[in-house]
Amino acid sequence: MLEESESKEPAMNPFQKNESKETLFSPVSTEEVRPRPLSLPKKPPPKICGSNYPLSIAFIVVNEFCERFSYYGMKAVLTLYFLYFLHWSEDTSTSIYHAFSSLCYFTPILGAAIADSWLGKFKTIIYLSLVYVLGHVVKSLGALPIIGGQMVHTVLSLVGLSLIALGTGGIKPCVAAFGGDQFEEKHAEERTRYFSVFYLSINAGSLISTFITPMLRGDVQCFGEDCYALAFGVPGLLMVIALVVFAMGSKIYRKPPPEGNIVTQVAKCIWFAISNRFNNRSGDIPKRQHWLDWAAEKYPKQLIMDVKALTRVLFLYIPLPMFWALLDQQGSRWTLQATRMNGNLGFFVLQPDQMQVLNPLLVLIFIPLFDLVIYRLVSKCGINFSSLRKMAVGMILASLAFAVAAAVEIKINRMTSLQPGPQEIFLKALNLADDEVKVTVLGDENNTLLEESIRSFQKMPRYAQLHLKTKSQDFHFYLNYHNLSVYTKHSMEEKNWYSLIILEDGKNISSMMVKDEENKTTNGMTAVRFVNTLHKEVNISLGTDISLSVGEDYGVSAYTTVHSGEYPVVHCRTEDKDFSLNIGLLDPGTAYLFVIINSTNHDPQAWKMEDIPTNRLSIAWQLPQYALVTAGEVMFSVTGLEFSYSQAPASMKSVLQAAWLLTVAVGNIIVLVVAQFSGLVQWAEFILFSCLLLVVCLIFSIMGHYYVPIKPEDLQEPADKQIPPTQGNMINLETKKTKL
């Protein structure tokens, strides 16, 4: 377990999922303010079971669990919502997903400024939680098919996501810090343990929600399709609970007043130094040792020294966004990849968006494993595994994860049927006659394009590829059945799949051409369609919300998406008879064709065949890439913040956290730009990100090689060395340790 040297700071611990995403401290002011007493209750705050833990932290921990459940649960199904409900392309879905993620890491700066300069932490959490809840309500309404059309759903979704980003980002820098404020200084050890429980609640909320909300989406049907409204509504309900629980503890909280924002003060100091240097660029003015020394006319020496130490660390932050660009694609590109894989594990069918549960699960395993086993073994081998080296290795692991993802993507493409290109079609024939039929396809010049003998109730083993001379062309078909030859003509358009269905009517045969859909299966579901050979229309019920009608005399239904699983009894009805069909096991990712035929001694039966074979590559093949990227996250994220905190003064830690969150935001913007403008196929895009991170890792390693670490004791200011108040525009800098 990683711990900071000062007990007043929150500890690095194995329960922490990703310090880059959860705030550990809040900014403090460098401006001179009159001391104001804390709004403490007149009597000592109640404790938990006679311990030194204030009762108020129970409300805060439950609040954090519910809020993280709300955020990660909603985000888990977001990409598939864009793709399948709003019908956006994969690139647009990826771009909006990362735009939302980026906004979630920009808004904490706004939330910290509001809390520290205006409302205080308690009121900021309350007010922005209301905004958060409103965002969930709007987002859930946007997922109801009965409300408006495509434009209404899009507007509601974007407005809801904007409100959620403001809410979750705004309270991010406040909740953990507010929990730390509940402890008295003499209970620093209990406060450290509180942060361990706090981060356990974060990971528990993330782990449970990432597993449950995809099930609410995929296993529950709303209005005949996936229930995105429920998948968004349940996280919204958890956010309501989070707000109510937090408000219940209002009377027993310690509520420190706003103290001002150090981030603003640092920005002003840097800006004044730059502008002052620019205004005094004459050669007659003596040069100064450091460019920040040009702020000495207005700001105290201690602040300038702290900002100098800060800028050394911030310089190392420049390459970091590329790592986050790769890490955050687990919820976008990797989830989209999972939709093209077989989620049937034998004992459980895994939804594509449920694969994201591997990240928090592996984090809980890897942090103690690395800290207690791997790092100690490396140390015993005499290897100096410094913090910067750990971060570089983390980058390499993430790069390898995307190389593995590219290999999986190539394998998926090889196992997926080809797509018809310009002036191409794919054709197959299905023989529903009682004997073998020979099919011959002729072109415009009577040249033989295809010749195949097909037995009764058999289809061609694969699609045949035919070339067209124009975008649309007539093809001539000769069907030889017994001693009968039948001639027919069908027109077909480029870039389409077609099925030629051969029908029997007494001693004669005929044919009809049916256009197949390009995407018959989505989201790991199963697609079915029916051919009715009966002389009466058949109504088929595939569930409580799914029913379809198939016309008489070889009527063909459209594809209907259903859940995979066993269907031993499918209720059917004609105008004078009720019967049931046993269509058996439907595998996920497969498209089936069922032919309803008469049986001499029984009710009508269904003849089953695979229209499109199942996704044969198991979703378990994504496990190596998740393991690699999570190992990289543990080495990069935990070590990165630990190193940053050890290299900057205590008064600058809130600025470091703001900069760290900004690197996450910039990383998501990188993904947005690449998704919109690269134009690469998916495996090539994975390779691009992998190579870019390797290049960035090399640059970071060079920067780290020339970086001279500062010993923590060199950053401590002697207790007797206080800075006196200054006159005029000078500012009395108040330096203190804080929590975020």
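Glycine is treated like the rest: Cβ placed from N, Cα and C.
Those TrEMBL annotations? Automatic predictions, nothing curated.
Straight from TrEMBL, the features:
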type     : residues : note
REGION   : 1-39     : region 'Disordered'
TRANSMEM : 69-89    : transmembrane segment
TRANSMEM : 95-115   : transmembrane segment
TRANSMEM : 127-148  : transmembrane segment
TRANSMEM : 154-175  : transmembrane segment
TRANSMEM : 196-216  : transmembrane segment
TRANSMEM : 228-248  : transmembrane segment
TRANSMEM : 309-327  : transmembrane segment
TRANSMEM : 357-378  : transmembrane segment
TRANSMEM : 390-408  : transmembrane segment
TRANSMEM : 655-674  : transmembrane segment
TRANSMEM : 686-708  : transmembrane segment
Leading stretch by Cβ pairs under 8 Å, where the reference is the transmembrane segment (95-115) and the options are 228-248, 357-378, 390-408, 655-674: 655-674
Cβ-Cβ under 8 Å with the transmembrane segment (196-216): same-chain residues at least 6 beyond its ends: 11, 13, 15-17, 22, 60-62, 64-70, 72-74, 76-77, 176, 179, 227, 230-231, 234-235, 238, 351-354, 356-357, 359-361, 363-364
Among 69-89, 154-175, 309-327, 357-378, 655-674, stretch most in contact with the transmembrane segment (686-708) (C-beta, under 8 angstroms): 309-327
Considering the transmembrane segment (309-327), which listed stretch of 357-378, 390-408, 655-674 counts the most C-beta pairs under 8 Å: 655-674
Candidate ranges 69-89, 390-408, 655-674 - greatest C-beta contact count to the transmembrane segment (154-175) (under 8 angstroms): 69-89
Intrachain neighbours beyond the transmembrane segment (390-408), with Cβ under 8 angstroms and 6 or more residues off its ends: 322-323, 326-327, 333-334, 337, 617, 621-622, 624-626, 628-629, 631-637, 639-640, 643, 683-684, 686-687, 689-691, 693-694, 696-697, 700-701, 704
